[in-house]
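Beneath this line is the structure, given in structure tokens, with notes to follow.
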């Protein structure tokens, strides 16, 4: 093993599980993973939540998160087994030879200290270089990562820079001590697509220029395809497939990898608009109490019965606020909402029960959208009781039918939300909305907290239910792949305005306005070299202007 | 329920012992509560297991009846403080706005006066009867419960499931009692144990100062007061009720800790 930088041999990691209502038990969460990483190479670790990818990444630093223990195997870095070095050895290793980039830079930086102080801290602490050398290096890294005013950038506090900049500052922090290995743990997952692409390009360039080896952890195969040389697909702590990026993307061997590669390839025929929209939003402006600016400006969109209107935009574009206005939680300052032929009262309190029943909502985080102290039966049964006065056997029968519709059996009737998986929770929320027999359901980022394969299942279920029940969806999302899969018409939102609106085919085909173009071209594609193409294209465009 | 930790088991044993003794006091006590049966401060003997008190009453009998009074007062005052405090706290959280402001600032005002001094002032102008004592203690303590209940409920009130209930058109009663209360229960139950102990200490303090339970009725604080002069002569009679107060406080605490551990999701378990 001449230039093997990192080598894991039969790594086994254990943790303590706390199943509800049972005594805690020890379980193994990573089952004997082995791989080798050469100097200057990038290995992508990919898998769904619970696959053990972060756990393996942290094991490269000899670290286990609360309750997690490395129970077997060896981790060799630069020719020595770091697990045998004891705490003292690990202290020398962490932050010097191996560094870590966390998912949420906002949570990882100390808000009370300036960025420069934090970026050079590890390098100085480990005596890798003097303070002035470290600062010079940091400035160099800031420039390399495309941060504005690299000379003075470090004088800012974390809250004074944007999320994408902070994530890049964190990359600088990890690279400053000139480590041999950097562990990137979902560094772009919390960012908007248009920001993600910049950070991704910056990270890739920095890795190439400094020649470090990197472990790149993500759940998004399209992202990892852009930065890594090799990819390891993980599932439930087991290796599924391990090979060069090219082979994994273009010629996957295992069924599971193939499913990951082909995710969101749902084909949805666009339906044409009808004369009577179920929801007509006209000229809505809205602002939050106590503020002096509008978060929504003059929004007008229609939603037709049995169809899906996708509202797309980045965080802060006002798409969730639009949902709050439609549900009546935030009365608009201007404009009018017409729902199945009636004008809706602006505030929730003024709406008759029939309006409330016909307009249901599904949330992003299914865990907090259900009362943890109520059983599935109670959760789905309450709307039946409340709107239709159903009781006893009749109600139970209807709940069973609804559970059938969401492809879950009546065995779930007496379970608590904590005993369900993420996808099952979202299904129960869908059943709760359906129980009211609504004309329209607002879906607020319903798949963004789910793993790709699970999200796929939920989208298919929603489309299927639309066919059966004829319900219309107002689908709020930041994910354009989802939009392609389910929308009939699309409204693109940017800074509180609808910048583009119309049938799907029209919105997604050129000529584009600038923002839609930026948004569409930022969505990672599952092919090699996509990142370079987009960046080159953008450079050319800006040079042309 | 599979495994009860040793600490919790000890706590449960003593708590149960004291509560059972309190409930069955007339059956267990060997003599009448105010009955003079021997000499002053007799040492323990076969007829008087724990000896006699400052005027020759059986000390064991006094302790059993004293526990009954103390526990009864503490329990009812705790229940009173919890129902008032939690209801008002939840209401403030759900109503929000100025209603919350008015209630919270009024409670702040009450809390700014030290509880014991406030109680002493009120009890010195009012007739000291059991209902008055319980009312004063319960209402004063409900300020603390209000604070906790409001804080917990404010957190729960912004959860999506509460929003979902509001969008469904549910009324305030449903939201408070069906959505918020079940989720606020575990911190409140744990707090209940601690508040109960404060009540025991509070009523004992008041009695010791002469403003609590009035003689000849017995309560633990009162028994300490009656026998405190004996300490000078090396008579341990005043220490026994003190030990009772201490053991009750510790064991209820142990039980409360155990309940908190079992019901919070911090350790992954859901009770």
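Glycine residues also receive a Cβ, built from the backbone N, Cα and C atoms like all the rest.
Just so you know, TrEMBL annotations are computer predictions that nobody has curated.
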Listed range which TrEMBL flags as transmembrane segment, given the options B:178-195, B:196-213: B:196-213
Residues flagged as transmembrane segment in TrEMBL, choosing from B:41-65, B:116-140: B:116-140
Paired segments the transmembrane segment (B:196-213) and the transmembrane segment (B:6-29) in contact, 3+ CB pairs under 8 A: no
Beyond the flanks of the transmembrane segment (B:233-260) by 6 or more, those residues with Cβ under 8 Å of it: 4-5, 7-8, 10-15, 18, 41, 50-51, 53-54, 59, 63, 66-67, 70-71, 186-187, 189-190, 192-194, 196-197, 200-201, 204, 220-221, 223-224, 226-227, 271
